[in-house]
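In what follows, a structure is listed as structure tokens, so that the remarks can point back to it.
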Amino acid sequence: MKLVNIWLLLLVVLLCGKKHLGDRLEKKSFEKAPCPGCSHLTLKVEFSSTVVEYEYIVAFNGYFTAKARNSFISSALKSSEVDNWRIIPRNNPSSDYPSDFEVIQIKEKQKAGLLTLEDHPNIKRVTPQRKVFRSLKYAESDPTVPCNETRWSQKWQSSRPLRRASLSLGSGFWHATGRHSSRRLLRAIPRQVAQTLQADVLWQMGYTGANVRVAVFDTGLSEKHPHFKNVKERTNWTNERTLDDGLGHGTFVAGVIASMRECQGFAPDAELHIFRVFTNNQVSYTSWFLDAFNYAILKKIDVLNLSIGGPDFMDHPFVDKVWELTANNVIMVSAIGNDGPLYGTLNNPADQMDVIGVGGIDFEDNIARFSSRGMTTWELPGGYGRMKPDIVTYGAGVRGSGVKGGCRALSGTSVASPVVAGAVTLLVSTVQKRELVNPASMKQALIASARRLPGVNMFEQGHGKLDLLRAYQILNSYKPQASLSPSYIDLTECPYMWPYCSQPIYYGGMPTVVNVTILNGMGVTGRIVDKPDWQPYLPQNGDNIEVAFSYSSVLWPWSGYLAISISVTKKAASWEGIAQGHVMITVASPAETESKNGAEQTSTVKLPIKVKIIPTPPRSKRVLWDQYHNLRYPPGYFPRDNLRMKNDPLDWNGDHIHTNFRDMYQHLRSMGYFVEVLGAPFTCFDASQYGTLLMVDSEEEYFPEEIAKLRRDVDNGLSLVIFSDWYNTSVMRKVKFYDENTRQWWMPDTGGANIPALNELLSVWNMGFSDGLYEGEFTLANHDMYYASGCSIAKFPEDGVVITQTFKDQGLEVLKQETAVVENVPILGLYQIPAEGGGRIVLYGDSNCLDDSHRQKDCFWLLDALLQYTSYGVTPPSLSHSGNRQRPPSGAGSVTPERMEGNHLHRYSKVLEAHLGDPKPRPLPACPRLSWAKPQPLNETAPSNLWKHQKLLSIDLDKVVLPNFRSNRPQVRPLSPGESGAWDIPGGIMPGRYNQEVGQTIPVFAFLGAMVVLAFFVVQINKAKSRPKRRKPRVKRPQLMQQVHPPKTPSV
């Protein structure tokens, strides 16, 4: 039995440790070595950004020598009579080359010198210099959690970054992303992410990233790190005199891309160019990045990894330089952000069309909870966001190089980004015609070959999971052409096409806008020939829809946009069914060589469209969301709605029904309401079509014409529901930012909502909000509620219904750190317009219960009740009979807030003129008018399946076979005694398998199967040996008694 126990013990060890077969321990002591599959450290990223006082970046229209730049600035400032200025020296590797910017210091308050600079013909723009702070803090996680348990039990919060920061989260493998522990299919997790994605197949073919220049913009790299053999150059762009990595993040990123041993990278033979752009104190400046980007262009970098990001897509010098980089054929790969699962949290530059934006998944192919979601918010309020991320790949528990050697595991999209950057570097080395590789063609190959993940929408996964081998197949058959992202529009396909598939279209509704990205692999510049053509399929009722187009006049760099507005024709107002058609566009680019005498390359692309049409819903079921009056960072400082959330100082998610109000939108749809978005002033919608106008967290001002029209609309039956937020000038001054280093104040431009503007809108009905600031938990109609930094109602009509509660005075707490309880705070008001056919108005002082950003307890039930009231005039019994109902406040003892003096809202407002003094409205803009495309009907049947892998040049991926491995396969040797890590391979080529899952899993199970069979036979042998022996029967001699008394026999 001892032998049996030994075999069973071996079997258990093999079953529990099969994941680590072939791995070598990085530590010699079992007691000190943690489980290789998980770590007990979590990396928390905290960051901020401030404007450096008196320092400005002067951008020029071209590249000039230092002498010429100095001359331009001097001549411009001479006429302004500004004497106290100087050019700040920049001592870095690009100082000896011409540059397109300069950093100057001007100590003046009137900004006359800045205006004079901008008037100079050679100066393009003058913007403030920004100082960036990042803090990477390691925190102990719960060591009692088993290695194979999910780590999603912790609460993830949006970091709401002010700046570009490293996008790594922590260490440890997350093998499953379910929130609850449950029975699930387990499989062997490969050792290395490069082998998981089958990079070893390309290694065996002889491709290892050789002759490809890859840049890593991060925290540096040690000179003699054992994992790297081809570090071509290390440059320092900071004010510290070191090139080494004191934090480890840059080393990890470089290791994922090009490590040659232990935690193997994708391209071990690539030429590494290390750009140290962060100090050991985790500080950086915009100008450091600009200089480093210029140097990367000079060095003809092929691939650039940027595992940093921030929400400021209006940081013009940075964004412009990224465009210039990609225009110079640099393939930029960037992390999409770690602010998931909240929508509308994409980081720049990953959200740019010319950049490959990467999201994260775990090793079970689930979207990582931390990975930021789309849509882009550049286009709001008038348009609709683009599809991002582009692709997703492994970003949870990925192993990479440690700062002094060995391996560590980290999680975050800054981990997923170098995975794609390494894969791209490897792919570039496989292409024979290197001139065909550019930022567009590489992105086309990646998204066309990506594997779609089931049950995940387009704003979470982009085009799907990175597939390295399929991308290799496409690139090696590629011919320059244009393509689209997404490659089709199917408003009936759920969940992938969410939110488009969540609501059918109908006559009279706001047009549905789909923002498509055009990728132009033919050249850095291009154009759309003539206009796009709309061709409806008559057998599929395509003539029941009409489309309008808006598109880039010039496709640069490598990309552009095509916005398609889809609406229903009047003849289909009562029709229900599916309508289909397609759009044809032709893209032209200049010829590749001058020998073609100015001839253009052209590429024609088809965009299928499929929509579901229903009869126009009744007015009572139609809700109009006011997007036009919602503002968000960037560019202004619009503070958070919940002042308790100190780690998220800005309101930057767009305040859209498909971003941070997504859950509210989903709830309204489940209740049968149809929600449309208004991206124009109130003068641009037909109020007779809608039952309720929903205004939530509004920060914008109002045109006088809007106020007058809204009054008429409410008198004629339109209802109004307003969810407000705090506005207190004393608190606004208190929450301003102060930087001890730069002595710079950053003042809020408004409160959580623009209460002074709302009060002007409501004054005609004798309503208004106060400047009170309240917080607390309460119960309303048997529902637990939380009031998070809300305001109160200052005045309300006497014949209205008002609900009050008892709260803490949060304003007093913020200002004086004192606690006080206030009773009978009016928070909810309901009012019926007395005129016949008039609408209804509802006021509520807090929007956090609808906002996904920091919602603690939702109030969707309350929204349902309020919409029942506004749509049908029935006061909910739970509110009309509430014990908290009080007499409406007359406004005599309440204070309504005034606009804060010195605010800069006019700089970012669509309503106010930019001038000193009292705010003055701009002229009312014209309402957008769409030009519907002339249809070119087709009397043919539409394709049945719109989703097909985007076939570039009719490449059939299912029929393409990988080439045979090259004969010069690498020779591997075992590790020498004392050497840590994996195999050491001459030439940097790493052994692998054709199919990672088959190659790794089959030998393991075969070995385990053999062990089971062997154990079975051992058990049987031991049983046979231990069984008591059976005695042989002996022939007994007859006894005397038997002879005397014979045995009885049956009688017949």
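Backbone N, Cα and C define each Cβ position, glycine as well.
As recorded in Swiss-Prot, the features of this protein are as follows:
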CARBOHYD  Asn236  N-linked glycosylation site
CARBOHYD  Asn305  N-linked glycosylation site
CARBOHYD  Asn515  N-linked glycosylation site
CARBOHYD  Asn728  N-linked glycosylation site
CARBOHYD  Asn939  N-linked glycosylation site
MOD_RES   Ser168  phosphoserine
TOPO_DOM  187-998  topological domain 'Lumenal'
TOPO_DOM  1022-1052  topological domain 'Cytoplasmic'
TRANSMEM  999-1021  transmembrane segment
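Features as recorded by Swiss-Prot, highlighted on the structure.
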residue	record	contacts (Cβ under 8 Å, 6+ apart)
Asn236	N-linked glycosylation site	Asn92, Gly220, Thr242, Leu243, Arg276
Asn305	N-linked glycosylation site	Val214, Ala215, Val216, Phe217, Val253, Ile257, Val333, Ser334, Ser417, Pro418, Ala421
Asn515	N-linked glycosylation site	Glu379, Gly383, Tyr384, Gly385, Arg386, Met387, Tyr561, Leu562, Ala563
Asn728	N-linked glycosylation site	Gly751, Asp771, Gly772, Leu773, Gly811, Pro897
Asn939	N-linked glycosylation site	Leu538, Pro539
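DSSP classifies Asn939 (N-linked glycosylation site) as coil under the three-state reduction.
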